[in-house]
Amino acid sequence: MNNNKRPLYIPYAGPALLSTPLLNKGSAFSTTERKYFNLEGLLPEAIESIEEQTGRAYKQYQNFENDMDKHIYLRNIQDTNETLFYRLVQNHISEMMPIIYTPTVGAACENFSNIYRRGRGLFISYENKNRIDDLLNNAANQNVKVIVVTDGERILGLGDQGIGGMGIPIGKLALYTACGGISPAHTLPIVLDVGTNNPQRLADPMYMGWRHPRVTGDEYADFVEDFIQAVQRRWPEALVQFEDFAQKNAMPLLERYKNRICCFNDDIQGTAAVTVGSLLAACKAAGSSLSEQRVTFLGAGSAGCGIAEAIIAQMVSEGISDAQARSQVYMVDRWGLLQEGMPNLLDFQQRLVQKAENTKDWVSEEPNFSLVDVMRNAKPTVLIGVSGAPGLFSKEVIQEMHKHCERPIVFPLSNPTSRVEATPNDIIRWTDGQALVATGSPFDPVAHNGQTYPIAQCNNSFIFPGIGLGVLAIKATRVTDEMLMESSRALAECSPLAIHGTGALLPPLEEIHSVSKRIAFAVAKKAIEQGHALEITDEALQQKIESYFWKPVYRRYKRTAF
């Protein structure tokens, strides 16, 4: 809660206080605090404001030439003085978000053991499967409200990184705080170390994780179940976000737990919510509705299928039947268009196959319809890439789409930048500036024929911090599909292009606090409506959201007994 004017009673002093990131003020400790907390002589004489500290930190940051060094520097500040870290990041959010999260966090995960400085969060190894309660009791933060957990098997588009995947929960929770106002004292990153099948990690003498092939099957499922039960015993009201689990586990885990605990999967549901929000904004800018679109996906994994199901749900809410909506969505993977009768489809893919009657008149030289075949025959108006394979939105694909669609909506969403299906610069050139583009990673504006086209980053950070804020502010007990749909609609209402006819599809990151609060309000209202939180007035709800929103300012300290 926001109690910045009230003093905080601290049981630590001396080096112990300076070594506690949540409490350390560094050179901002007052004369009185230095005296009563045994800090005299441990700090330089000057007493600085947080603004002065932030100015120095930013100058130091600017001295680093490559993004990895900048990432390491910011993580060091986070592990030294969290209040200063969040003030610095919030002051330079557009510049620093790509450093603390995608795309730089991908390289940080790959090099996690090599750049390791200090532990953060919890590393729960399969070797300790019978001691999970003890490990949770060791967490530095004990008033935990939100957990981001990964098993490190599908880190962005980089695959199995073992415990290196810890960089993702750390980065995600940094955005919960920087964008959504969740106090860092209430956050906990966790990696479930069930081994790794990455030969590079296993052969690396620096690798710090459990050197063992990945645990799978019933042993894996039982381990996750034991973890969830332990979390429920220790923090029964905590929001659990599943992050970067492999396709074979992501959807089954979500289905197993979404009706048992307060949880969601950001790769599936968060990505779907921000994509639907961006699509709603794009449709409004193009003068149409989502239910009028024909949507093609390249990539039919759990993320792509999750987005597709969210799009279908929104189409149905606009008045068309479920069957009609599904006939307008085309899923393409490495084997071609998902069709009836294809072997080896996963359960969540089965509901998204195209029926034979819908493709019986299509023309193709191959029995399996390729992406270009889908462009020619289905004539889609929306193209979404979640394949993790660079360059697959070729000039032929985009121009074939543009032949029958004046303003194609093209979202190459794969992360990091090296995995993007096509660059915005190419898409804008190939469509002569007519395409509406959003990407998964940050890209600079595109200049074409004397015009500048800002590129929206279809970034989950526009969604999940607001969801977390709304859930925690009213103590919601579940995260439902309907709550996520409301987050999409709230995001679309913030689109500069949809509102003013100019600018990017999504608002600038400098407005992320107001966006997160708007999403939090919409999500919380739906939770109340569905009976997942106590009923309160709109005015009281807004007050709860405002009071819950943490700000990076130093509080006065008073000493209490050890």
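The backbone N, Cα and C atoms fix where each Cβ goes, and this holds for glycine too.
For Y101 (active site, proton donor), the same-chain residues lying six or more positions away in sequence with a CB closer than 8 A to its CB are G171, K172, A174, L175, S461. The feature active site, proton donor is assigned by Swiss-Prot to Y101.
Within its own chain, D267 (NAD(+) binding site) has R154, F242, E243, D244, F245, A250, S302, A303, G306 as residues 6 or more apart in sequence whose C-beta sits under 8 angstroms from its own. Secondary structure at D267 (NAD(+) binding site), as computed by DSSP, is helix. Taken from Swiss-Prot, the feature NAD(+) binding site applies to R154, D267, N415.
In the three-state DSSP scheme, K172 (active site, proton acceptor) falls into the helix class. Annotation comment: Swiss-Prot describes K172 as active site, proton acceptor, evidence class sequence analysis.
For E243, D244, D267, the entry in Swiss-Prot reads divalent metal cation binding site. Note on E243 (divalent metal cation binding site): other Cβ atoms within 10 Å of its Cβ, all shown chains, come to 28.
According to Swiss-Prot, the site 'Important for activity' annotation covers D267, on the basis of sequence analysis.
In this view, N415 (NAD(+) binding site) is surrounded by 24 other Cβ atoms within 10 Å of its Cβ, with every protein chain counted. Cβ neighbour count for R154 (NAD(+) binding site): 26 (other Cβ atoms within 10 Å of its Cβ, all protein chains included). Compute the center of the Cβ atoms of E243, D244, D267, which mark the site for divalent metal cation; besides them, the chain residues with Cβ within 8 Å of that center are T150, R154, I155, I168, F242, F245, A250, N265, D266.
Apart from the site residues R154, D267, N415, the chain places the Cβ of I155, L156, G157, D244, A303 no farther than 8 Å from the centroid of the site's Cβ atoms, the recorded NAD(+) location. R154 (NAD(+) binding site) falls outside any helix or strand according to DSSP and counts as coil.
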